[in-house]
Amino acid sequence: MEPVNSTEVSEFFLKGFSGYPALEHLLFPLCSAVYLVTLLGNTGIVVVSVLDARLHTPMYFFLGNLSILDICYTSTFVPLMLVHLLSAQKTISFLGCALQMCLGLSTGSTECLLLTIMAYDRYLAICQPLRYPVLMSHQLCWLLAGAAWVFCLFMSVTETVIAMRLPFCGHRVVSHFACEILAVLKLACGDTSISEVFLLVGAILLLPVPLAFICLSYTLILATTLRVPSAAGRRKAFSTCSAHLAVVMLYYGTVIFMYMKPKSKEARISDEVFTVLYAVVTPMLNPVIYSLRNKEVKEAARKVWGRIQTSR
């Protein structure tokens, strides 16, 4: 049979957990509840950081960006995944698959850079406190955040276009619950070397390089903090970084575990379940971590809630 052009594949079948009906019925209420908490928690962070003037600082500006990213990231695949968990028709159009792939790559990549920017912000705030207002100006905050969003979107569009222009020879069963680029590339019957090179370059730019920069920033922060004479001052410095450091460890820890471990020849259901949980649960934990570890966020949330109650 002659291979057909990739455009003749009009839709893909997302295999997901179709072979495990009991697991699908278990994941549906769990993922639904977590997704709802993710939307409410991250929306709450954005609303509070906008409405409370005390939170109009670079740290909370980047935190608001992180919350928006988490909402966008989970919304690229969770709604459709929830539909598929209860439906026998688990298909997605060719264009829909490309869009989901692009948005997933873009938001996930942007989070890597944003966490790095937030580490740099904490470094300036603790190691250069007197010059901090000048070094981390309002304009620079917008420039750094905007550059991260635009750069990652450009990379993601490029990687998606290269991947989706490959011939698929009629193959359309994706062994994943979403149009993840590595799972889709397994269906291609053409030369995937160009796509793999782009993915490798992107992975290096967005995983080890940012992580090394974050480690360097926190090494300098630790050295500066240990020189603070008072115990109260050291505790205050550590408390301003602990939430961000917890998010960094959670995010990079799960990503490295999933993508750096040895791959088995056959996809295991345990890997799929873990991927769903980390992709859905991690965005939910970010606002929880920041809310529990940050008195300013809790006080601002109480203040905003008080205004809402008063207005009623």
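Using the three backbone atoms N, Cα and C, a Cβ is placed for every residue, glycine included.
Annotation source TrEMBL lists domain 'G-protein coupled receptors family 1 profile' at 41-290.
What TrEMBL lists as transmembrane segment is 26-48 (among others).
The feature transmembrane segment is assigned by TrEMBL to 60-86 (among others). With a threshold of 8 Å between CB atoms, the same-chain residues lying at least 6 positions outside the transmembrane segment (60-86) that come near it are 14, 16-17, 24-25, 27-28, 31-32, 35, 38-39, 41-43, 45-46, 49-50, 92, 100, 103-104, 107-108, 110-111, 114-115, 117-118, 121, 141, 145, 177-178, 247, 276, 279-280, 283, 286-287, 290, 297.
Within the chain, the transmembrane segment (92-120) has long-range Cβ neighbours (under 8 A, six or more residues past its boundaries) at 7, 9-12, 14, 59, 62-63, 65-66, 69-70, 72-73, 76-77, 80, 144-145, 148-149, 151-153, 155-157, 159-160, 163-164, 174, 178-181, 184, 202, 206-207, 210, 213-214, 217-218, 244, 247-248, 251-252. Per TrEMBL, the feature transmembrane segment maps to 92-120 (among others).
Summarising the annotation, TrEMBL assigns transmembrane segment to 140-158 (among others). Nonlocal intrachain contacts for the transmembrane segment (140-158), taken as residues 6+ away from its ends with a CB within less than 8 angstroms of a stretch CB, comprise 58, 61-62, 65, 102-103, 105-107, 109-110, 113-114, 117, 198, 202, 206.
According to TrEMBL, the feature transmembrane segment maps to 197-225 (among others). Within the chain, the transmembrane segment (197-225) has long-range Cβ neighbours (under 8 A, six or more residues past its boundaries) at 109, 112-113, 115-116, 119-120, 122-123, 126-127, 152, 155, 158-159, 162, 181-182, 234, 237-238, 241, 245, 248, 252, 255-256, 259.
The feature transmembrane segment is assigned by TrEMBL to 237-260 (among others).
Nonlocal intrachain contacts for the transmembrane segment (272-292), taken as residues 6+ away from its ends with a CB within less than 8 angstroms of a stretch CB, comprise 16-17, 23, 27, 31, 34-35, 37-38, 41-42, 44-45, 63, 66-67, 70-71, 73-74, 77-78, 81, 176-177, 243, 246-247, 250-251, 254, 258, 298, 301. TrEMBL lists 272-292 (among others) with the feature transmembrane segment.
Long-range neighbours of the transmembrane segment (26-48) within the same chain, counting only residues 6 or more positions beyond its ends whose Cβ lies under 8 Å from a Cβ of the stretch, are 17, 55, 63-64, 67-68, 70-71, 74, 78-79, 81-82, 85-86, 273, 276, 280-281, 283-284, 286-288, 290-291, 297, 300-301, 304.
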